[in-house]
Amino acid sequence: MADASSRTDTSIVVDNDDKNHQLENGHSGAVMASNSSDRSDRSDKLMDQKTIRRLAQNREAARKSRLRKKAYVQQLESSKLKLAQLEQELQKARQQGIFISSSGDQTHAMSGNGALTFDLEYTRWLEEQNKQINELRTAVNAHASDSDLRLIVDGIMAHYDEVFKVKGVAAKADVFHILSGMWKTPAERCFLWLGGFRPSELLKLLANHLEPLTEQQLLGLNNLQESSQQAEDALSQGMEALQQSLADTLAGSLGSSGSSGNVANYMGQMAMAMGKLGTLENFLCQADNLRQQTLHQMQRILTIRQASRALLAIHDYFSRLRALSSLWLARPRE
């Protein structure tokens, strides 16, 4: 009986030890599992934070992109509205009889606001030129005959003659408006010379668009470019001399007292300055005449197909300058 009791007690002790060992192992496993779970949770949280930040950055970038696109579209819409307003003003000007008619007497002075009238006429001129250039491009791509191309080219050259006449009339009304190029886009004004393009620079731009050229054509174009450059230099020097003379006249009696004699001297100086300003119109007319003659001489040197390519290249160049101005003004500003 005692032995049985002893075995029973020993069995109970062993069983209890086994249970305690199992509990300890279970607790240790639970702790390890808990620690592993905590590390996994922290890792998941870090990954979630990175993902959230990345998504937030992507959303912000997309939002800014939408804003830039919206601003660009709004700028284009605004430009369309301005163009529509200009067309309406042009119609009003025509109804009131203050525009320069292409079939009428170009020597009549502009009435009303000369600068506005010229701007409206120039807008109309550009629209008509775009139509003519599109017709020429279609004919060139369709390999039209030389006679058909000549009709279109002659029409475009006559259209250039028209804008020079309109500028001459506008210069009588407001020579500063024409010289400053306020009727041009900002990018065009960067390359402006005496109210228009430099003929010699235009010939340089066309060099790669006219090949192949004969030796006689090359010689003719080189001579034309040199003579244009010499005429430009002479006009530029004349303008510099005029500016210096005008500055000297205006600075003649700076800081003088307001006596009657000084007032008379002041009025005399202003009269002299006004007379010198009158020569600005002459400089502008000479510069436009140089531009006009260069275009016509270029046409005479080239074949009709080369002249067609030249007119297309000239138009595309100035169109890109205008487009560059529009893109620059519509660029996103952050």
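Backbone N, Cα and C atoms are what each Cβ position is placed from, and that goes for glycine too.
Keep in mind it's a predicted model, so treat the numbers as computed, not measured.
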(message) region 'Basic motif' per Swiss-Prot: which of the ranges 50-70, 92-112 is that?
(response) 50-70
(request) Using a Cβ-Cβ cut-off of under 8 Å, list the residues of the same chain that are 6+ residues beyond the ends of the region 'Basic motif' (50-70) and lie near it. (result) 332, 334
(message) Mean pLDDT for the domain 'DOG1' (115-331), rounded to an integer?
(response) 93
